[in-house]
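Beneath this line is the structure, given in structure tokens, with notes to follow.
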């Protein structure tokens, strides 16, 4: 061994011999130490999500627009700003907790108001007002201690002090590239004359800014300066015209003495910010990376949160859900706006990724950070009429969006990849990539939208149809490549029959799937009402009787207490009455006692019989004519037995049309009722109304009344009502026929695609597609046309295809 230490050896043995739980704790602590800055970011964002005030809003914005964009890591100035700002916020919150402030006297009344000024600012009086701020301060001090242990806390100051001792003014600007520009601007003397003004502006020192932490800790500052001294002349001329313009503008500002101070302060703020973003957009070198897939996944998660929790972004309605709204053919405005905004940002992000423009991504990042924070914490609480801290769905959406902001900052800091070749799912040839890629292609319009966007924002000479042709060939060849690789990994010996595990596993699964598809509507309609069905009892039962088209003679309704549920005794009596009647018992098997309702209707009509005298005379004449359809006999009381007109058993299906139950009518005959006209003569005049009475009532015999037994069909649950509402035929048309079409395409037409499916080796075709992508990215557009023509010729010539795809 080159190096051996007994104490280190014993320490390592002691560490390995510890319990697994303790080793896990050590590993978690080391992970915490290695990513202590991420812990600080997480605590700051969590504090802002819970507090949701202007005081806590500053640090999250600084994280996404300063800390995460700094190379190679956030500077000491940022961490000092975060620590001091947190301490000041704690003091301010503590100061405004005293009860003598006017807004602290009615805390219970104003604590839930989103636009109450103390709530917006973050100085309201509440329990635990400073807990998360203290945790945030603790995390910041923990990270500060980690940086101090590794010698990274005073890194900037050491670089500046060594430069001041050894360099001239120009050398100072070289080695002090990490310093803020405001320090050099402070050397300006505003009282000096115009000719004697001397301004130090920072130069574009991206090379020093890109130093890694390991090289800084190992090399001395003198050697660092000597390594960059040879580049001094190059760096001096990088932005000479821009610096001269600043110098001339500053002279003009000083001439105007009353504006000189303001211009000086403006430059103090503007120049460092401008220098920061300039170095970010024009790096000396960059570690190119590609995190677009992770950003896309974060946006997809936010899209799902919007779909299933859209009510949290509109008017406050905790009971709303997207399925019920869409089943009623209603598109909520909040849902529409959020979906369009989220989808629009995804399209813009894809365009920036394809154009590989870091400047556009920086501008988009700044706009998105300010826009989303302004909307989430100032506009959304007013729309939903509740504070952001009380909106769980909005908090979850914001946290995922913060993950997206972090990934975007990392992408900006590292730079876009120079070449974007194919789909990210086609990097490996295994079953996981195969099924994920096929699932990606099954999403409606996603493949088409991606292809069109790639064609719009990629330099190419191909037409849109040719572009789509190449994409389709590439996708097809990739799928074949995955199958060929799987055949190589799991070879099948020649002459050996398929194993039963494969046959019954794959074949049995397909058989069960096809059977389920064919009989799904019947199974669904049967189970949805028998197992998961909900009893739909009537709320009102009305009877109206009209003779010959004249004024109704009887109107009555039964409600509330007049509608009685069937108990077990009555249900047994009903079954006993139809013993031996097969049709009736078969009908009653589908119902339980909870599905039957007994309606007791009062025999006296609830309305007076207001018929005009001429109509009354015509009705009497019709009743007197025994050859007409009136089958009543007229008497003084006009009393007549109406034969077999009352149904007695009514079926209330899921639709609005109620029908009589013929299976329960003995000898298929309806019940008889009596109709009587009652006349009341008083001082107010003559009043008449009709009285009906049912003959042969089953459960009630006293008084003039009508009995009506209602069988209520179970209805599907509200969440599945929109699907069950189409009925069995609708489900067959929409499910079985549509799915059957895709299944038929899988089993038919195979003979026409044999020349394109049965390719033993697709490596050459796959390489040809990859070459088209590569020359497109490198700008060789003429070569792109030649390779595309070669690909088309290959598919037009079966003989050439056979030569290209034979095994090597």
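Cβ from N, Cα, C; glycine included.
All annotation found in TrEMBL is predicted automatically rather than curated by experts.
TrEMBL lists transmembrane segment for one of the ranges 504-528, 529-553, 554-578, namely 504-528. Looking at 334-353, 594-613, 614-633, 634-653, the stretch flagged in TrEMBL as transmembrane segment turns out to be 334-353. The feature transmembrane segment, as given by TrEMBL for the ranges 243-266, 267-290, 291-314, sits at 291-314. For the transmembrane segment (396-416), the residues of the chain that approach it from at least six positions outside its boundaries are 41, 45, 49, 60, 64, 68-71, 280, 283, 286-292, 294-295, 298-299, 301-302, 305-306, 309, 312-313, 353, 356-358, 361-362, 365, 368-369, 372, 376, judged by C-beta separation under 8 angstroms.
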